[in-house]
């Protein structure tokens, strides 16, 4: 994954960014991003996650060329973001969930037209791409509505469309589903999955919503206090921190609390008809736990719950905190 | 240039969404215009029908052209870019393959040009109907005047943009804006023609870009300055515009390096 090849879309090496923070009369330096090194290959979908203030947005801004690094190197699409700002702007699309790139007082359609002109799209390409995005993002009903009158869900779809109008190689989404209802989130995620499949767009996503990561990303970078705390698959993340899986069994008859070696009884429902058992997948297997349960009672049905990603990320933080203190 | 023309058109259309505000502005323009013409025409009258080359008719033309321009030139408020620098939204502008300064000025000029319709022309209409203003009978002053007007409007927004870039370094630029408002309000020739200033103040004024914003376009359009003198004024305007744009470019480049868009 390291090394600069033509297939590398983002490469950061020893990337750092300090901020001067005024605290009364004193000025102290705050390191938002601390010597980070990682890269993203073309076509990947990467979730960049971490707590508030962990350094996510700061990194994104340096990748996009709107923030100058204090130290280290960053290459995006093979370009130096600050120096090659305009060239890079033609190759990436960025959505900041909390900032709009649309013309507030004008109809949505107008914003697309202006952005197409800014990206020097031919009329034919502009029309084809706009039609495609309007259809897949279901924006037909509100193309003529001024942006300020859109609902948040409608506006976010328009923002994403605006960022994708010029078919960027890399789409950076900074908190794209913030404040969206379940249905709007779902639609946006479905669209992004489709867009990636059809155009091979590389995706880098910061989010607090683990649903985004689970549904959209095949790789996760966890950042904590400006440092990379984890880099790998989502499943691997669960394994790394030893998050527990939960086996839920429905029994034929009410039963006392099950005692199973290698598993922890969490709770019983229906007087013992349904019982929840947590186990560490690294220490034992679901089959072994189930076999032990079957020796004690008749199992009618079962489900296995995967660890919640919020929980996994919290554990990463806790681990980092205890190891650093 | 297609990009900036498109952004200018967007600014024009954006402003068209604020018609009630434009009419409120027109009302204020007309009220102050009547006050201004009352005072200045009395001065002309006291001077025996002539004051530093102004007759009642040409003074009325000055009053109503200057009032009419108020909605289109920016000498009083911070440009839209200043707010974007403060809020950090300017980051979005830097993510586009366009020049941030030119895009911002094109948007503001578009808005200014639209304001000529609901504020500029009616203001002149009020002057013609109520006071009677002397305007040239030939076509040339209008043609040169249109160019001069466009240069003046653009220059005012280029200067306002430059003022706004102070926001890259200062947390709050309103203090600076108040100072600018005072200086520009006087030296553009909004209150009285620059040519009625005492000699020393007139010398200061013409050494600044401010008369090129409003005084020169009014002189050219009203036919007070004609021929090669008018062309010279246009050249001076173009010179100031080039300087203001160049300074804005430098400020944007330096400012971009200090930009700290924090949070979100």
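Here, residue 1 is simply the first one shown, and the rest follow in order.
Each residue, glycine too, has its Cβ placed from N, Cα and C.
If you look up TrEMBL, you'll see B:21-44 (among others) marked as transmembrane segment.
Annotation comment: TrEMBL describes B:56-76 (among others) as transmembrane segment. Only residues 6 or more beyond the boundaries of the transmembrane segment (B:56-76), in the same chain, are considered here, and those with a CB under 8 A from a CB of the stretch are 22, 25-26, 29-30, 32-33, 36-37, 40-41, 44-45, 49, 108, 112-113, 115-116, 118-124, 126-128, 131-135, 149, 152-153, 156-157, 160, 180-181, 184-185, 188-190, 193, 210, 213-214, 217-218, 221-222, 224.
Feature annotation from TrEMBL assigns transmembrane segment to B:121-140 (among others).
Here the transmembrane segment (B:146-171) has long-range neighbours at 69, 72-75, 77-79, 81-82, 85-86, 101, 104-105, 108-109, 112-113, 177, 180, 184, 188, 209, 212-214, 216-217, 220-221, 230, 233-234, 237-238, 240-241, 244-245, 247-248, 251-252, 254-256, 258-259, meaning same-chain residues at least 6 beyond its ends whose C-beta is under 8 angstroms from one of its own. Sequence annotations record features per position, and here TrEMBL assigns transmembrane segment to B:146-171 (among others).
If you look up TrEMBL, you'll see B:178-197 (among others) marked as transmembrane segment.
TrEMBL lists B:230-248 (among others) with the feature transmembrane segment.
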Cβ under 8 Å, sequence separation of at least 6 from the ends of the transmembrane segment (B:178-197): give me the contacting residues as numbers and ranges.
36, 40, 51-54, 62, 66, 70, 73, 75-76, 156, 159, 163, 204-206, 208, 210-211, 213-215, 218
